[in-house]
Amino acid sequence: MNKAPHETRVVVGMSGGVDSSVAALLLKEQGYDVIGIFMKNWDDTDENGVCTATEDYEDVVRVCNQIGIPYYAVNFEKQYWDKVFTYFLNEYKAGRTPNPDVMCNKEIKFKAFLEHAMSIGADYIATGHYARVEFRDGEYKMLRGADPNKDQTYFLNQLGQAQLSKVMFPIGHLQKADVRRIAKEAGLATAGKKDSTGICFIGERDFKEFLSHYLPAQPGVMKTLDGEVKGRHDGVMYYTIGQRHGLGIGGSGEPWFVVGKDVRENVLYVAQGFENEYLYSTSLKAVDVNWVSDRKPEAPFRCTAKFRYRQPDVGVTVHPLADGGAEVVFDAPARAVTPGQAVVFYNGEECLGGGTIDEVFRNGEKLWYVG
């Protein structure tokens, strides 16, 4: 039997942004016993000695006082360093392009934070993610957020039944404009705060400069797959598949793009033209595949997939593998599919799960230059 809202404790992960602020407000208005928790995941002091986390926490304090809910901060810096940041660096070292948001959701927000919330008597946790949870046919389904421009299920692809049974997404049914309007009408301190962009621990800083503090740059040669040298690079980890800007290749004609990298030889491979065949692949192998239902499909099946966050769904056939991975065959050749990024599967509105892109193929042949 479900408890009444006033007997149900919901711990809200609050970032100091408008989305989590409105999530907390809506739960409070619905009568839940709400506690706000600020997760301190990164020791971040900028060049001026200002810690952005301190500013964000001050916004959490203001909002919680306005709403009338208790709040406090919890430090997850060690877990974040061990589980998210170390993974991030290791992937870059290996020449891949990782997605730290996926790992942060898996290891911090829906693991360390969830466990902490349960230890203080929470019935549920809630976040400001644009996603929805529904219980039907005897299981929890994760559905896309109602605002197609803000849907965040791509980053939540590693969640399963244990997490979804304990999670609320109070703004998942709303458009972003509605969230802003609700915050404004309630006079919340964060109503006009701009959305954070980029990777949380880098913030507004220059990515190359940030990474160089942890991974010393190793400049090297930039060449075509035929071996023609086109210039020098600053370090292969600074570039991603499909990248166009910052290559410094002169001359006329179509622009040049990164098509691959060889970490061992420290070579960056480039090709000319947006439609260059070297940018395209027809299938991939994914590892660490998670199924939201907790049930691995027995047979190949058709669905749609995304290979990056801001990409329209494409038709694919998924072949589950015995090792827990999956082979994903595309209906049409796909451009700049990048090892290290997430491949996420959908059936209409439902997010089925996802994994990490490990290898990329064209017509059955592994693209050796992609990594």
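Just so you know, the numbers here start at 1 and follow the chain as drawn.
Every residue gets a Cβ built from N, Cα and C, even glycine.
Per Swiss-Prot, the candidate among MET39, MET103, MET168 that belongs to the ATP site alongside GLY13, MET14, SER15, GLY16, GLY17, VAL18, ASP19, SER20, GLY128 is MET39.
The ATP site in the record is lined by GLY13, MET14, SER15, GLY16, GLY17, VAL18, ASP19, SER20, MET39, GLY128, and its two most distant CA atoms lie 16 Å apart.
Cα separation, HIS129 (site 'Interaction with tRNA') to GLY17 (ATP binding site), rounded: 11 Å. Around the Cβ of SER15 (ATP binding site), the same chain contributes PHE38, MET39, ASP56, VAL60, GLY128, SER196, each under 8 angstroms and 6 or more positions distant in sequence.
Within its own chain, CYS200 (disulfide bond) has ASN41, TRP42, PRO100, ASP101, CYS104 as residues 6 or more apart in sequence whose C-beta sits under 8 angstroms from its own.
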